[in-house]
């Protein structure tokens with residue numbers, strides 16, 4: 001299997017070089033860009049497997065870049081942000097990022113987050129080739145868990161791999177309340193310490209696609225799929 | 001020290017109002033007493049003198065009548081055996097005289113004598129009774145007047161002193177609020193604004209000016225700290241990543257360990273600066289506390305014991321709550337001794353260890369930055385953990401309190417968080 005190709009957009013020279021070296025040592029192929037516009041060009045020219053975007057970069061900022069990438073692709077996107085800038089984190093997630101890592105980050109943590117999101121993505125893309133299996137249906141939503149296709153009223157929905165994993169998690173236990181922690185564990189592979197806002201924003205995004213009341217909020221506990 | 005002396009001393013350390021009114025009472029009592037004595041004596045002397053004059057005239061006219069008729073009028077007596085010795089001496093010298101004989105009780109007796117023929121002495125005595133009763137009335141009036149003066153003076157003292165002490169107390173309360181970090185409070189407004197222009201107003205203005213100056217300096221310092229920490233963050237991120245590129249080995253481990261410590265410190269300083277800035281907002285959601293605490297504690301401190309006495313639904317920001325729990329557990333692990341217990345009891349979360357407990361100054365003043373949870377500074381903490389926990393609790397609208405468990409319960413530090421109910 002060819003090395004995973006990562007697009008890394010970061011304006012600080014030392015962080016960019018050191019992270020590139022660290023990722024390359026871990027077996028990734030890295031295309032690094034110092035600003036958003038260069039990053040967008042690199043995304044279009046090189047078709048990377050994953051994007052790692054710093055929120056605060058000159059030119060086109062990370063959040064806008066994320067939105068542009070999402071318009072064209074479902075590749076995993078991880079945002080890099082300082083812990084303080086919590087609004088940036090939410091904006092990044094709303095723009096379609098799958099996860100985020102706060103700066104200063106450990107290389108090991110970053111790689112773990114990247115591998116987790118790649119696993120979801122690979123599972124989704126591999127399933128695409130393998131058709132057939134029982135369809136799950138909830139109202140006007142139909143899910144093909146093998147082919148990983150979701151239709152609403154007969155129309156195919158474009159879900160990112162993370163949204164797909166999330167929906168499958170709900171579909172696996174319809175009517176059961178799933179806590180944010182459990183979803184973080186099962187969908188994002190966080191053992192602990194994940195940010196539950198990642199779940200909240202993804203649920204919002206999923207709702208926008210499958211219908212607002214399909215997924216119900218259970219106050220204090222989490223979410224459940226209405227059968 | 002005798003109890004009386006102690007009571008006396010404690011009185012003089014007590015309120016301004018009572019000191020003022022006591023001083024006024026003492027001074028007015030002394031003045032009233034002195035004036036009364038002067039008035040009493042002057043009245044007495046003038047009454048006695050006029051009585052002497054009357055007696056003298058009487059004895060003279062009695063002498064004229066005696067010499068012409070031999071009759072004794074006005075109650076005069078010839079050679080009265082009870083005539084005072086002093087008068088006898090004057091009579092022996094052939095002189096007319098009057099004399100006031102003081103009696104132990106009641107009014108004095110006023111004597112008058114005049115020598116008569118054949119070495120006889122004609123004398124007249126009269127008690128001072130009716131006149132004396134006037135003097136008694138005067139004394140009564142003087143006492144009543146004095147008491148009234150003392151009473152009114154004391155009342156005035158209480159009133160004026162009370163006003164002043166009330167203003168000063170209000171000023172003290174306001175100053176304490178400022179000290180507790182309430183920057184909105186103005187001492188001058190608290191004592192009633194610019195209505196009264198006296199020394200209390202001057203003091204209030206001075207305190208306000210001082211608070212402003214301190215606030216500005218603190219703000220500048222805070223900004224500098226936050227700026228430095230912020231500027232440190234980018235090079236630090238590069239450093240953290242670059243450190244991971246070092247070839248494996250003990251030197252790399254040491255560098256990584258220190259870089260990690262540096263990173264934690266910078267992040268904590270930034271967090272404190274943010275919390276101080278009061279711009280932080282909680283991202284509230286409903287959380288089932290028991291389950292939340294159980295899971296987080298399991299991850300943060302696997303050796304700690306979690307007991308859920310009474311589960312509750314609380315309205316809180318889970319990331320901030322996790323931060324508080326993490327810092328309390330880290331503090332317990334660093335400065336306390338196992339077993340670390342976490343108890344969820346309704347909206348209360350208690351973190352307790354079995355170590356030496358919190359130091360006294362922390363219990364007294366609350367956590368302050370760069371003071372470690374234990375008085376020995378050998379530990380690796382930099383003391384920001386509890387400051388952050390307290391600040392985060394404030395953002396959550398929760399209350400974080402610290403105490404030490406009683407020795408009979410096994411001792412140890414107890415941090416208690418009270419969260420608002422969902």
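For all residues, glycine too, the Cβ spot is worked out from N, Cα and C.
Restricting the average to the DNA-binding region (A:133-227) gives a pLDDT of 82. Positions annotated as DNA-binding region by TrEMBL: A:133-227.
Feature annotation from TrEMBL assigns domain 'Response regulatory' to A:5-118.
Secondary structure of the domain 'OmpR/PhoB-type' (A:133-227), assigned with DSSP and counted as helix (H, G, I), strand (E, B) and coil, comes to 36 helix, 23 strand, 36 coil. The annotation domain 'OmpR/PhoB-type' is assigned in TrEMBL to A:133-227.
Per TrEMBL, the feature 4-aspartylphosphate maps to A:54. Note: residue A:54 (4-aspartylphosphate) has non-local neighbours A:9, A:10, A:11, A:62, A:79, A:80, A:81, A:103, i.e. same-chain residues 6+ apart with C-beta under 8 A of its own C-beta.
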Secondary structure content of the domain 'Response regulatory' (A:5-118), with strand meaning DSSP E or B: 56 helix, 26 strand, 32 coil
